[in-house]
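The following features are taken from Swiss-Prot:
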TRANSMEM  11-31  transmembrane segment
TRANSMEM  53-73  transmembrane segment
TRANSMEM  93-113  transmembrane segment
TRANSMEM  127-147  transmembrane segment
TRANSMEM  160-180  transmembrane segment
TRANSMEM  188-208  transmembrane segment
TRANSMEM  243-263  transmembrane segment
TRANSMEM  276-296  transmembrane segment
TRANSMEM  316-336  transmembrane segment
TRANSMEM  357-377  transmembrane segment
TRANSMEM  387-407  transmembrane segment
TRANSMEM  418-438  transmembrane segment
């Protein structure tokens with residue numbers, strides 16, 4: 001039992017900075033929305049539309065680069081730190097390649113925006129220009145993620161948190177300058193948020209690069225001239241590990257976007273109640289997501305040490321801690337759901353619906369915690385293909401169709417509206433949790449030689 005308490009402390013020490021880093025990242029989006037809204041409602045809407053396209057694209061690249069964390073953790077655990085710099089260097093190459101792809105997609109996203117039903121031409125043009133300003137930050141964001149994943153793979157999660165808050169602090173004044181046109185800069189309105197955010201991502205990258213170069217604990221991780229060359233087998237291996245995670249993230253983000261579109265014809269009250277509940281549950285999701293990142297680091301490190309039993313301990317402890325946190329957040333949600341809804345809106349109908357949906361959110365928080373931490377465990381084992389198949393089946397084969405049937409048809413019961421989609425979320429996330437646990441148990445029952453051979457690839 002003692003080893004589980006020790007492991008829990010290690011996991012929390014890694015997870016807590018990740019929680020704050022995620023809060024800082026989320027706050028940047030909130031700041032953009034609020035400051036654009038202060039300029040005009042049209043500019044705020046343009047930022048919202050642009051962000052809805054930016055997020056799936058950039059999270060695809062983000063997920064691809066998550067392959068670095070278990071690779072570096074495994075090398076660190078096995079004492080092969082001399083090989084880490086080469087992996088990081090090839091990570092930069094992969095980030096550069098995917099950046100070009102993302103920038104091309106975002107540059108041509110105007111076709112999607114202008115094709116939206118009944119969209120105002122002025123709003124559409126602002127959204128397009130916002131994206132075309134923001135896309136220049138894609139390389140900076142992904143290069144920052146390479147260095148952040150390097151640090152996290154070495155069990156150093158504090159730098160990512162620090163850079164997140166530096167980015168947030170820089171974002172506010174730079175937004176102000178470009179939105180309202182101060183210090184000789186043009187007045188760009190909502191488009192200025194795109195310019196500011198792109199600039200901030202580059203600032204975060206250069207600050208992280210400066211920290212890594214100065215960190216005493218990383219002085220032995222310096223790229224040799226030979227490691228600066230393209231190593232296509234390494235790049236291909238990183239892509240093979242990261243691609244399923246990238247697609248899983250993409251499917252998750254697009255799922256919620258599709259549900260929002262399906263709910264939108266139901267009326268203002270239904271849309272507002274759904275959005276409030278979704279926003280709050282996303283905030284609660286930060287806790288298990290951070291624990292997932294910590295578990296990936298610990299499992300990868302233990303496998304690098306050649307200890308499959310200790311890797312199992314890390315995995316089990318992560319799941320247990322995640323369930324405990326989910327129980328606490330679920331109780332908090334149940335008890336305070338009405339006051340929380342009132343913070344967003346004072347319309348009685350909206351508050352009633354949002355509080356009802358938050359009750360459903362409380363039900364799935366435990367299964368959501370298990371599935372996302374299970375995903376982190378599988379990343380640590382470098383078994384990422386199963387993550388893709390599990391999330392695709394759970395979200396798109398089970399969750400969305402069942403939500404559509406319950407929410408918008410009378411095939412099973414009378415149409416339930418947004419609540420039907422939330423029952424779909426419960427089914428999808430619970431199915432994902434069960435499949436993640438089954439896959440984890442399957443991997444852990446394999447011979448140690450097989451597990452370690454997979455981890456060393």
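Note: Cβ is positioned from N, Cα and C throughout, glycine not excepted.
Against the transmembrane segment (276-296), stretch 316-336 has more CB pairs under 8 A than any other of 53-73, 93-113, 243-263, 316-336.
With a cut-off of 8 Å between Cβ atoms, the residues of this chain six or more beyond the transmembrane segment (418-438) that come close are 259, 262-263, 266, 270, 273-274, 277, 319, 353, 356-357, 360-361, 363-364, 367-368, 370-371, 374-375, 377-378, 390-391, 393-395, 398-408. Two recorded stretches are said to be in contact when at least 3 C-beta pairs lie under 8 angstroms, sequence spacing 6 or more; the transmembrane segment (11-31) and the transmembrane segment (93-113) fall short of this definition. For the transmembrane segment (93-113), the residues of the chain that approach it from at least six positions outside its boundaries are 49, 53-54, 57-58, 60-61, 64-65, 119, 124, 127-128, 131-132, 134-136, 138-139, 142-143, 145-146, 230, 235, 238-239, 242, judged by C-beta separation under 8 angstroms.
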